[in-house]
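Under the heading region 'Disordered', TrEMBL lists 1-25. Under the heading compositional bias 'Basic and acidic residues', TrEMBL lists 11-25. What TrEMBL records for Phe61, Ile62, Ile63, Gln64, His65, Tyr123, Arg127, Thr264 is substrate binding site. Positions annotated as heme binding site by TrEMBL: His250.
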Amino acid sequence: MTESSTARPSETAEHNERELEAGIHTDLRDRMTYGSYLGLERLLSAQHPVSEPEHHDELLFIIQHQTTELWLKLVIHELRAARDLIAADQLQPALKCIARVKHIQRTLTEQWSVLATLTPSEYAEFRDFLGSSSGFQSWQYRAVEFLLGNKNAGMLKVFDAEPEAQRQLAELLEQPSIYDEFIRHLARLGHPVPQELLDRDVSRAHTAHDGLTELFRGIYEDREQHWLIYESCEELVDLEENFQTWRFRHLRTVMRIIGGKPGTGGSSGVAFLQKALELTFFPELFAVRSEIGR
Ligand code: HEM
Ligand SMILES: N[C@@H](CC(=O)c1ccccc1NC=O)C(=O)O
């Protein structure tokens with residue numbers, strides 16, 4: 001017999017029931033509570049399966065999307081803040097926001113494994129009820145792409161029936177992205193940023209500029225001198241990597257659940273999603289890798 005097993009067990013361990021302390025608030029009428037603070041009544045009554053009879057797995061499908069949208073809301077909040085901090089030459093606090101976004105992205109990528117428990121046959125049993133709705137119509141997803149610099153004015157049309165979403169996207173389309181602000185910040189520090197990049201139409205997608213790759217080569221080759229910029233470059237690379245990993249996991253999940261079927265949003269499906277893997281937010285930060293040490 002071990003010594004610890006002869007010691008007197010605590011009250012809690014003995015009855016396997018924890019006593020409520022006298023100070024614990026139990027009369028919560030007219031007081032702030034967990035549920036009221038978090039708006040739980042609304043949140044938990046926002047799941048409305050459309051399948052008839054209701055399919056067991058549709059709740060999984062809805063909650064997977066809703067949790068994604070909640071996290072996207074925070075990603076947008078943090079990326080906006082990061083962009084504005086960079087615009088105010090406050091790189092260090094901006095990195096804090098970016099670090100948080102990176103953790104959210106990892107959570108979102110990890111979350112695909114939950115949806116992967118949905119088999120093709122189970123999904124086929126309620127897919128028709130989804131009509132023409134599709135993740136392609138997620139305005140928050142588009143907002144994140146816009147904030148990172150992958151602008152595409154054509155995406156706004158999808159939101160003709162959602163004026164508030166469309167307004168927010170149109171606003172982001174016209175504003176500089178986090179990358180635009182980073183480039184402007186470099187110019188303010190005196191780095192030789194090509195003028196075309198400073199004058200560019202920010203409502204268009206950013207495209208690669210050799211002059212910027214060259215500038216980054218200088219940063220990477222003399223990192224001791226430019227540590228904060230160097231660190232920020234790597235943080236941006238992480239953001240893009242994480243975003244692409246999410247896209248890839250989406251693609252693989254779609255492949256295993258609907259195979260080669262066209263999408264409910266009207267696209268070819270997997271082939272269309274595949275093309276997004278060729279998009280890049282920060283092309284020069286990847287191009288510079290071929291130049292280092294040459
Ligand atoms: C059974 C699971 C899923 C399937 C079969 C699926 C399928 C598809 C397909 C085929 C598309 C292309 C557009 C279309 O024609 O519909 C698409 C786009 C999209 N889906 Fe999903 N999806 C699934 C789950 C999710 C989840 C959980 C999210 C999270 C919000 C999501 C977000 C998106 C987004 C943002 C797009 C637009 C991507 C782009 O423009 O490149 N999807 N999805
Ligand atoms: N596009 C999917 C349907 C789908 O996944 C979906 C439907 C409604 C709301 C969000 C969705 N998620 C991603 O596209 C499909 O073609 O099966």
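The backbone N, Cα and C atoms fix where each Cβ goes, and this holds for glycine too.
Where TrEMBL records a feature, it is marked here on the structure.
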{"residue": "Phe61", "record": "substrate binding site", "DSSP class": "helix"}
{"residue": "Tyr123", "record": "substrate binding site", "DSSP class": "helix"}
{"residue": "His250", "record": "heme binding site", "DSSP class": "helix"}
{"residue": "Thr264", "record": "substrate binding site", "DSSP class": "coil"}
Sequence-ordered binding-site residues from Ile62, Ile63, Gln64, His65, Arg127, Thr264 with Cβ under 6 Å of an atom of ligand 1: Gln64, His65, Thr264
Sparsest-packed among the binding-site residues, when each Cβ's other Cβ atoms within 10 Å are tallied, from His65, Arg127, His250: His65
Sequence-ordered binding-site residues from Phe61, Ile62, Gln64, Tyr123, His250, Thr264 with Cβ under 6 Å of an atom of ligand 2: Thr264
Sparsest-packed among the binding-site residues, when each Cβ's other Cβ atoms within 10 Å are tallied, from Gln64, Thr264: Gln64
Local Cβ density at Ile62 (substrate binding site) - other Cβ atoms counted within 10 Å: 15
Residue distribution over DSSP helix, strand and coil in the compositional bias 'Basic and acidic residues' (11-25): 5 helix, 0 strand, 10 coil
Distance, the residue listed as 'heme binding site' to Phe61 (substrate binding site) (CA atoms, angstrom): 13
